[in-house]
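Here TrEMBL flags 11-148 as domain 'HTH marR-type'.
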Amino acid sequence: MTEHVAGPGGAADLDRRLADAIERLGHGLRSLAQRTAREHGLTPLQQQVVLTLSRQPTVRREVSALAAEFDVTKPTMSDAVTALERKELVTRSPGSDGRRRLLTLTPTGDEVARRLEPWDGPLLDALAGVPADDRATTLHSLLRVIADLQRQGVVSVARTCTGCRFFRADTHPDPTAPHHCGLLDVPLPLADLRTDCPEHQPATA
Ligand code: SF4
């Protein structure tokens with residue numbers, strides 16, 4: 001239930017400062033992404049596509065899936081992919097239905113992805129300085145917020161535990177592993193909650 005305690009030091013004030021902090025993080029990461037993308041002659045969206053294609057299972061390497069993933073329109077994503085094809089970083093090949101639509105990195109694209117991979121190193125370094133327990137509870141809290149935003153339609157794609165139909169909240173007494181995965185039938189330690197689970201199915205499905 002939402003708390004409504006206004007004024008300095010109240011819950012509403014804390015929420016405001018948390019929202020400001022998350023927004024500040026977003027600005028910092030966007031500027032970091034712009035810098036690394038520019039260094040490789042890419043736009044931030046093209047950089048995200050290259051990195052995603054290097055990690056995604058084949059089934060999600062399509063313009064429409066990438067557009068949903070990054071909350072952009074299909075024409076915008078199509079333009080980004082066309083630019084990457086021109087730069088010889090990406091090729092399209094026939095999907096299972098025979099149409100030309102499956103996206104794959106070229107060997108040059110693979111090399112660029114490898115060089116882009118540490119783009120968010122400063123963030124990972126900063127996180128490494130936070131105690132492990134705090135990181136686990138922060139992950140838990142952020143995933144709860146993401147699941148809520150997904151329910152409100154603000155976040156479109158998130159294959160996280162907290163938005164999954166197999167997620168059983170508060171099933172175990174252990175505060176470090178209170179939740180349960182109904183599919184794998186195992187407790188879910190806070191530190192192991194997933195942000196991109198291949199088995200994820202939306203809670204609303
Ligand atoms: S299936 Fe994956 S996303 Fe869903 S609860 Fe289990 S581990 Fe989490």
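The backbone N, Cα and C atoms fix where each Cβ goes, and this holds for glycine too.
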Quick one: DSSP breakdown of the domain 'HTH marR-type' (11-148) into helix, strand and coil?
103 helix, 11 strand, 24 coil
Across the domain 'HTH marR-type' (11-148), what does the pLDDT come to on average, as a whole number?
92
